[in-house]
Amino acid sequence: MSPPGEQAMSGVAIVDYGINNVRSVKNAVEYCGFDPVVTHDADAIADASHVILPGVGAFGDAMINIRARGIDEILERQVREKGKPFLAVCLGMQLLANTSEEHADDGVAHRGLGWFDADVQRLMPNDPALKIPHMGWNMVAKERNHPILANIRESNLAFYFVHSFAMRCRDAGDVVGFAQYGQPVTAIIARDNIAATQFHPEKSQDTGIELMSNFLRWNP
């Protein structure tokens, strides 16, 4: 539902790869005044001005579905080659890494999209009182400014997390913000037209909606 008095704007593709829960992301985009389409269709993603990759579930299963539907090739063309503004959320962010050790029972890590020189590793907090998954509200400390955080005060950077694995970036310049959970947790990454959050902005109340709105109006 759009805020009162605002007409919905089109042009947002929410990528559906079969196991991700898109409803809350769709609701948040609509609240920001946009009319999103939930799709894995190449033409629909090509027609969109902005692309969102949400994520709930297991890394390996997600990558199997993404490759089976050709979504990896669609995103490579539309996001990396053509430069569409792109936001990945939670598991969606992890899929941008080289590899993930989630469910790598045979010792072979699952291969991701490889857009960032990073690997996804299990959280290992140094405080035994901290439970896994990391679930609930946590503050994010900015490493640098970014347009998706425009006009959000640092004291308001509280977001909702649900995850057991996190990305470790080899290039510190890719990191926009960290959370702390008995260890540094990469919370926001960005490069060029690509941004990603480990937390769920769509579940993070007013601050999350402001971040989503900033993204939807971002033209890198």
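Cβ coordinates come from backbone N, Cα and C, glycine included.
Automatic prediction, not curation, is the source of TrEMBL annotations.
Since the structure is predicted, the reported quantities are computational estimates derived from the model, not experimental observations.
For the recorded site, CYS90 (active site, nucleophile), the DSSP three-state label reads coil. What TrEMBL records for CYS90 is active site, nucleophile.
The Cβ of HIS200 (active site) lies under 8 Å from the Cβ of SER24, VAL89, CYS90, PHE159, TYR160, PHE161, VAL162, GLY208, each of which sits 6+ residues away along the same chain. If you look up TrEMBL, you'll see HIS200 (among others) marked as active site.
Taken from TrEMBL, the feature active site covers GLU202 (among others). Using a 10 Å Cβ-Cβ cutoff, GLU202 (active site) registers 26 neighbours.
What TrEMBL records for 14-216 is domain 'Glutamine amidotransferase'.
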**CYS90 (active site, nucleophile) CB neighbourhood, other CB atoms within 10 A** = 27
